[in-house]
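Annotation source TrEMBL lists domain 'FAD/NAD(P)-binding' at A:4-278. The annotation domain 'NADH-rubredoxin oxidoreductase C-terminal' is assigned in TrEMBL to A:315-382. Under the heading domain 'BFD-like [2Fe-2S]-binding', TrEMBL lists A:419-465, A:481-530. The domain 'Nitrite/Sulfite reductase ferredoxin-like' annotation in TrEMBL covers A:556-618. According to TrEMBL, the feature domain 'Nitrite/sulphite reductase 4Fe-4S' maps to A:629-763. Look at TrEMBL and you will find A:637, A:643, A:677, A:681 tagged as [4Fe-4S] cluster binding site. Taken from TrEMBL, the feature siroheme binding site covers A:681.
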């Protein structure tokens, strides 16, 4: 006999139950479906694409009228259920009773509305159903309309992104310190915020809503701190609560939601529940995957089969086009938990894995979620990851099953496996190139661009050469930094970032240095890498610097020093010259004009350094860093103020650049030139960074050299304004600081990574802004005059510790 | 042995050095990461580089001019270079040098 099945709620979970049920036994039940919304089942999680305009409502309908017809479902849409009478086994709807043999509750959840004053004003909506979505789309129809989204979780951000795409001015208010704090850690939340901000969305964290104001409609939102935000629509997306009132009124067991057993049965054996209104084992459910699992279980239960629902690990992805974000499992910090972190600030990539007892228990990715399914599988299956721990974060393409021969691992990769992430080159392309005659690394790079950017995959490419060519290829041994380690500079830079090594001790320990604290080769390099990557965490170590940088002067062959004050853009004045002349007299210095347009005082004794610096400081001069791997000089010509050919204020631009860049440590020295016209009197085209001014603006070239090698700059970009010129130069210098090997001048680094990659980074406005931001953070620490500082704090160190010649003179 | 008080160990930077002037020439006092102190001639036999300006690593120092590396225990350097080493003690945070050893050198 056909049983009567009544379903309350036409949502995604109940919809899936019906599908399974009709597949197994189309005639087992006579179904009546209630839905408070005046429509049937649609794919609610696709409301965001509807809001953003990427899909229409019709495209997200799961079950249309025809489907309900075909399956003889009696639809009571737009009708609320008033109560359930369990004694008589009837459901009481607004339009009358329906008897049931079996009943499914799929009442879902309701958005949580903050009960602040004004929450009930017209124009305050949740983000739950098509009505809300339509209200938002309508509000977005007014040009210049402003939206305030309360709640920076998944839903709130999808709403914000959709509204922004529709042209609204959008502000997101979030109570916690970073966005999506339940799914993301702080670092990923920060990247997400930056991404959203770059789309024109304003994000305010730690923002508590106090009141919503307006006469007949919302007009503004007032925060606890007094900030007032004008608003034409307010979207509340602060959370959901299960709708269990109907069940509660019917006397069913309800905790936070309707409690069910593993077969999805409530405390009444004829009543079942699925979806967001359900509580199982203390868990509530809001994502679609467990809902579908529940639906499958319930359909089997109804068909009389055995099935049990299990709580599984969940993963989250944000459906905002262009924000690649993934989180799964548990990533709170805790005892016995280890983190593996990989950051690529230039590409906005952040990956974090949380490991406990050799098992991956949590993962957060931002910017690159390509391998997220593989990681999710590891979490779900609780696989032991100790064997692949060292390379785990690089994903499946680095894992070769047994920790055996790396060659067999590479050989086992499928042709579509990505080898070079920077340039998107997969194994197949590389093997083809090799078979086509590219038989060494340089040739593979030239043909495919693989390993031509960051260089991290060089090892893999070499292994591919070896696998493909067999004995025909002998890989050049990777050059370790020095005898203290087997790692290369590139390895160490990458590991300092990915393992978040923030001290020398951490580097020696974690990277297995064979010496207690490095040597004169590796220690200065490691010191630079640490301070470049972690300007706020790591402190520069003078004892890891060569003598010139430690003493802020250049040691000469006789043990005396040369002292060179800064002359901004090669300009000086009578007062400075007078002070230099006096200092030369006082300390017996030889005076030499340098090629970098400044004045060198040679032959100063070490113990006199603090005194001469103090004198020069008093005249307003600071260290010229003529001794540092950092910004040296900015050579300029006189420019259009004086020169009849000058097209721009080259001197002024040079001064601005020098004032912005001085004090920054770089992998090797950096010299700039700014010429006011293509006659190029400042010789800008053989500098590390050279700008040639033209009528239409500024030609920025990089990677010139005029030392052991002579090389003309490569054109980075042409820009029209001075500000753009400065921005691009700062971004280039930061990119160099973050990526180059210690003691590689820019031209050597460029030869490795290629001008195209550098252009991609520096010209992309988002990446450029990030580079500039990180440069400025570093400058907040390092742009200070070391001379003044040493005069203040280290003066005594410049004198001998003791002078026994005086005592022994008796 | 006659020990002369030279100064506080804390006036020598960790993994760094300070200079002591004597009648016999300059001596470097080198302090390692483990707070051991070594005394050795400051002048590199190669081209006279001031070793107290070199990078101290482990129990070694690298000459700042051309990267000759010296073992501070023995004074033995790369490429067959050799520097003199001197007895040194640290007591109650003070660094002491042996006056006799300095005297011997003067007699030589």
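Quick reminder: no glycine exception, Cβ is built from N, Cα and C everywhere.
Just so you know, TrEMBL annotations never went through curation; they're auto-generated.
Checking the binding-site residues A:637, A:643, A:677, A:681 against chain B with a Cβ-Cβ cut-off of under 8 Å leaves no residue at all. Among the listed stretches A:4-278, A:419-465, A:556-618, A:629-763, the one sharing the most Cβ pairs under 8 Å with the domain 'NADH-rubredoxin oxidoreductase C-terminal' (A:315-382) is A:4-278. In the shown protein chains, 27 other C-beta atoms lie within 10 A of the C-beta of residue A:637 ([4Fe-4S] cluster binding site). Ranked by Cβ pairs under 8 Å to the domain 'Nitrite/sulphite reductase 4Fe-4S' (A:629-763), the stretches A:4-278, A:419-465, A:556-618 are led by A:556-618. Sequence-distant neighbours of residue A:681 ([4Fe-4S] cluster binding site) (same chain, six or more apart, CB under 8 Å from its CB) are A:637, A:675, listed in sequence order.
Residue A:637 ([4Fe-4S] cluster binding site) carries neither a helix nor a strand DSSP state and counts as coil. Other residues of the same chain near the [4Fe-4S] cluster site, with their Cβ within 8 Å of the Cβ centroid of A:637, A:643, A:677, A:681, are A:638, A:639, A:645, A:646, A:650, A:675, A:676, A:679, A:680, A:682. When the domain 'BFD-like [2Fe-2S]-binding' (A:419-465) is classified with DSSP, helix, strand and coil residues number 25 helix, 4 strand, 18 coil. For residue A:643 ([4Fe-4S] cluster binding site), applying a Cβ distance below 8 Å and a minimum sequence separation of six or more within one chain yields A:637, A:676, A:677. Taking H, G and I as helix, E and B as strand and the rest as coil, DSSP gives the domain 'Nitrite/sulphite reductase 4Fe-4S' (A:629-763) the counts 53 helix, 36 strand, 46 coil.
Note on the domain 'FAD/NAD(P)-binding' (A:4-278): its mean pLDDT in the predicted model is 91.
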